[in-house]
Amino acid sequence: MADEALAGLDEGALRKLLEVTADLAERRRIRSAIRELQRQELEREEEALASKRFRAERQDNKENWLHSQQREAEQQAALARLAGRLESMNDVEELTTLLRSAGEYEERKLIRAAIRRVRAQEIKAATLAGRLCSRLPSSGPREDSRRQAAHTLDPGKVPEPEQQEQQTEVLEPTPTPEDTSQDVTTVTLLLRAPPGGRPSSPASPHNSPTSASPEPLLEPAGAQCPAVEAPVSSEPLPHPSEAPSPEPPMSPVPSSSRGRVISKPLPGPTEPSDTLDSIRGFSNTKRADPSETKSCQRSLSVLSPRQPTPNREPTSLAGPSQFRRVGSVRDRVQKFTSDSPVVARLQDGPPRTALASPTPTRLPGPSLISTTPASSSSSNSSSPSPSDTSSHKKQRELAHSLAELQSCPQEEGPGGRGLALRSLENRAGGPKPCSEEPSTPPPVAVGTGEPGGSMKTTFTIEIKDGRGQASTGRVLLPTGNQRAELTLGLRAPPTLLSTSSGGKNTITHISNPGTVTRLGSVTHVTTFSHASPGNRGGCNFKMEPDPAEPPSTTVEAANGAEQARVDKGPEGRSPLSAEELTAIEDEGVLDKMLDQTTNFEERKLIRAALRELRQRKRDQRDKERERRLREARARPGESRSNVATETTTRHSQRAADGSTVGTVTKTERLVHSNDGTQTARTTTVESSFMRRLENGSSSSSTTTTTVQTKSFSSSSSSSSSKKMGSIFDREDQTSSRPGSLAALERRQAEKKKELMKAQSLPKTSASQARKAMIEKLEKEGSAGGPGTPRTAVQRSTSFGVPNANSIKQMLLDWCRAKTRGYEHVDIQNFSSSWSDGMAFCALVHNFFPEAFDYGQLSPQNRRQNFEMAFSSAEMLVDCVPLVEVEDMMIMGKKPDPKCVFTYVQSLYNHLRRHELRLRGKNV
């Protein structure tokens with residue numbers, strides 16, 4: 001109970017209670033209650049600050065609500081565009097510069113989230129690189145086998161240092177379960193020998209470099225299609241670190257040595273290799289989560305050029321082509337893709353080239369791939385087609401772009417990236433045009449093999465999502481089956497390149513550059529058919545698009561917190577237009593449309609139409625009013641031809657002794673307009689009393705005259721009537737009329753005379769005489785003449801009852817008259833005119849000038865003014881303050897009119913009574 005009692009007190013009361021309390025436990029409870037009150041006050045202030053932050057835009061500013069909504073939509077669109085830009089930016093320095101230049105809080109929040117994302121990717125990539133390096137000693141058997149393969153393929157080569165031999169190989173460890181979360185895509189291009197050639201030995205499981213890729217699933221192709229001959233040279237390739245050193249060119253490897261190496265038997269085509277089994281096993285057990293493949297959907301601009309290059313004349317390949325010892329990726333790709341020097345001499349060899357089997361290859365990811373085998377080309381030609389030349393040129397452009405990636409300097413740090421690759425990655429986020437027309441073949445690496453080169457080559461492109469991976473090209477030379485593998489650490493969406501035995505190349509793009517592919521979307525295959533050297537025909541390019549879906553835009557914030565999709569499908573109904581809304585003349589129809597419409601733009605149009613309609617109606621009413629006024633002014637004769645009726649009644653009464661004579665004169669003027677719409681009635685009653693006093697030889701007479709005027713006007717066009725009367729003696733009643741000063745003086749003189757007469761005569765006799773004269777006048781008016789004077793007399797008797805508005809106005813007039821001439825006083829109402837207390841002080845000072853010095857008062861000191869006026873009125877005229885000083889201070893600039901009117905009315909009664917007492921004493 002004590003705690004509840006303390007909870008009901010405010011902080012001041014608690015502190016006073018703390019001062020007078022001696023018990024320690026009680027003082028502790030009081031302090032706890034004070035702290036709780038302070039905490040609640042802080043919470044309320046924080047809530048008030050939080051609610052005021054956007055109040056001007058969203059809540060209080062009702063007039064600019066549409067503008068604030070539009071501004072908010074623009075801000076959301078700008079944030080969405082910034083999120084798209086940040087998704088394609090992967091440089092921490094560039095993001096930091098953008099963060100320093102950003103001024104908005106929401107933009108800075110998005111940029112910080114993007115910086116955290118990039119740093120997390122770099123840390124993840126560095127961790128993976130550390131795991132790979134920790135497994136370095138386990139690759140000893142591979143090193144020995146690959147060194148043997150290098151010496152076998154190039155017997156005349158000088159042995160290189162041990163360090164370079166370790167750099168030449170690529171460590172492909174078995175992936176751990178935690179490694180499978182990274183987006184890694186390996187695209188394998190497999191070249192197999194034709195049926196007539198001698199097969200090579202199968203690859204051992206630990207010699208297969210593709211076993212480290214858990215995602216692609218390659219089916220054995222030997223049972224489904226005839227194998228083809230490899231188009232590449234079997235010479236070993238040096239490491240990229242040897243690129244800057246100029247060394248003499250090396251002669252091509254003789255075909256005899258090549259045949260000597262490849263003379264190992266190969267199992268039947270229906271037997272799958274151990275490598276394919278290992279790949280299948282990893283892909284079946286360790287599938288990547290489809291939700292984690294979004295980051296792998298960025299495009300590689302090197303593999304999808306913007307515009308097709310013009311065809312070039314075929315280059316003569318008759319001369320001996322010598323490979324230099326250069327470590328660039330361009331030379332390595334040319335070794336795999338360019339024609340061998342023996343091609344020109346052996347045109348009659350078996351059919352050349354293939355890059356992979358036509359069997360469908362499944363790639364996990366957000367897209368579903370369907371591969372359609374193309375029909376064999378039936379056209380034969382002895383000369384190369386322009387498509388061949390264009391394809392070779394695209395191969396050279398691809399190699400040149402990859403060489404630029406390798407030749408660029410690396411960034412600092414363990415996970416350095418090439419500068420060119422970084423620019424490509426930063427540009428990959430934006431939309432790029434991807435040509436899918438039949439006239440623009442994709443850049444597929446197509447080459448022709450050598451006769452007798454019965455080796456098979458695997459061209460592998462690993463596309464990893466790790467940021468810290470070094471983008472270096474490496475050549476793997478396994479021992480068992482002489483498979484050459486080129487791995488490029490490039491970031492790109494998954495791309496499948498395959499070629500069947502009949503010379504058909506197939507390229508499949510899983511996602512277009514710069515777009516976000518939704519889960520479950522299907523991308524059909526783009527088939528590019530290329531004939532073999534023995535069967536050189538035209539170029540077929542076929543694209544099978546998806547059925548059209550309603551376009552949708554996916555916006556993903558940089559921090560990955562929220563994702564909004566805006567469907568841009570065609571609307572079911574046509575949008576409203578401003579012309580249709582302008583044609584509607586009914587406000588009710590527009591109001592119903594506004595209630596039923598949910599689209600923001602349409603609601604804005606409907607509101608604009610409502611405003612225009614209301615403005616038109618207002619203009620129409622104003623024009624009609626002006627027209628009626630002009631018509632009234634155009635008929636001045638009619639306005640003067642009003643019918644006026646005036647009735648005058650005079651009644652005199654004389655006492656029996658002749659000492660008192662009373663006269664009552666009543667004049668009634670009734671004016672009717674010509675059309676009968678307006679009526680004005682004026683009644684004037686003049687009472688005159690004369691008394692003669694005779695004292696011996698001298699006689700004197702006193703005359704008192706009272707004039708009372710009542711006016712009443714009515715109009716049949718409106719139901720309201722205007723009544724004019726007075727129950728107060730107002731000093732400024734005739735101040736606005738012409739000659740107001742003379743009339744005011746005359747009236748004041750009459751009032752003084754009447755007051756003196758009333759005080760000198762017995763009150764009973766005067767009141768009785770007045771009542772008797774009025775009764776006689778009414779009787780005479782009702783007895784003679786038509787009924788109009790009778791009605792006028794009845795109206796005049798009931799006219800003296802005022803309404804509330806007239807009472808307030810007359811009280812304001814009395815206060816204004818009493819405070820005329822006082823500084824800082826302007827009485828116009830019962831609210832703001834009395835807010836500073838100067839009007840109260842002026843009203844009291846007018847009756848009691850000696851009570852206080854009005855000149856010392858100031859409107860700024862409101863409390864002193866209220867205390868001075870209220871205390872003086874209570875002390876001098878016994879007027880109890882019906883309103884407190886604290887209430888007036890709390891109400892501020894606009895106090896309650898009812899409170900002020902009640903107190904002013906009480907003040908009027910007391911001051912008026914005091915004034916009458918003063919007049920009685922003076923008389």
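Each Cβ is built from the backbone N, Cα and C atoms, and glycine gets one as well.
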Check the candidates SER255, SER641, SER711 against Swiss-Prot and report the one noted as phosphoserine.
SER641
If you look at how Swiss-Prot annotates this chain, which of 433-460, 601-628 comes out as coiled coil?
601-628
Students should find that the region 'Disordered' stretch in Swiss-Prot, chosen from 505-541, 542-578, is 542-578
The DSSP breakdown of the domain 'Calponin-homology (CH)' (805-912) into helix, strand and coil residues is 69 helix, 0 strand, 39 coil
